[in-house]
Amino acid sequence: MRYVTYIVLLILVVIFFSPLNFFNTNSEIINYLIRTFYHANLQHLLANSFSFYMLSFLEDVMGHAKFAFCIIFIWILSSMLLLAEHTAFPSRKVYTVGFSGVIFGLIVVYLMSLGKNRGLSIAGLVLSIIPQFFVSGISYEGHICGMIAGFVYVVLFPLPKGSVDNQVAMF
């Protein structure tokens, strides 16, 4: 059972449909952390929820605790990287929301843990970022910060090479 996956999905849905506004705090750091769980509309929530679920096989590979730690690590680091980028370049400060930074981080964890064809897969991930520069409403900064956080996670807490080979998302 993918407990962590279902808990995260439940949190995303509850926050989306909640009448409470968790976003307006007095702390910029808290605001950046909370943005990850907000979604612009139902389509955004469904797209991110589906993408996250497709990566939930990592919970089977890593175990519940390590998968939860991985998500929390990527979430916090990518949020802080985004805050640092917006602090360093205030003109780039935009309202960014959504779980996709964490999703991109998990994709990096998956790709870096592949045995064969890892380089080709990573090149595909990098190429997937390019169209985002030409489409409005997509936070490529959030995706890149998530990718960086995923890379840092793999460097600090590597999965055995090939541990995710032949793994597929199961419904």
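Even glycines carry a Cβ here, placed using N, Cα and C.
Annotation source Swiss-Prot lists transmembrane segment at 3-23 (among others).
The annotation transmembrane segment is assigned in Swiss-Prot to 67-87 (among others) on the grounds of sequence analysis.
Taken from Swiss-Prot, the feature transmembrane segment applies to 94-114 (among others).
The secondary structure of Ser100 (active site, nucleophile), as reduced to three states from DSSP, is helical. Under a cutoff of 8 A between CB atoms, and with a sequence separation of 6+ in the same chain, the neighbours of Ser100 (active site, nucleophile) are Asn48, Ser51, Ser139, Gly142, His143, Gly146. Sequence annotations record features per position, and here Swiss-Prot assigns active site, nucleophile to Ser100.
The transmembrane segment feature in Swiss-Prot is assigned to 119-139 (among others); the stated evidence is sequence analysis.
For His143, the entry in Swiss-Prot reads active site, with the evidence type similarity to another entry. His143 (active site) carries a helical DSSP state (H, G or I).
According to Swiss-Prot, the transmembrane segment annotation covers 144-164 (among others), on the basis of sequence analysis.
Remark: the transmembrane segment (144-164) makes no contact with the transmembrane segment (3-23), by the rule of 3 or more CB pairs under 8 A. Below 8 angstroms of C-beta separation, residues 31, 34-35, 37-39, 42, 45, 48-49, 52-53, 56, 59, 64, 67-68, 71, 99 of the same chain, each at least six residues beyond the ends of the transmembrane segment (3-23), sit close to that stretch.
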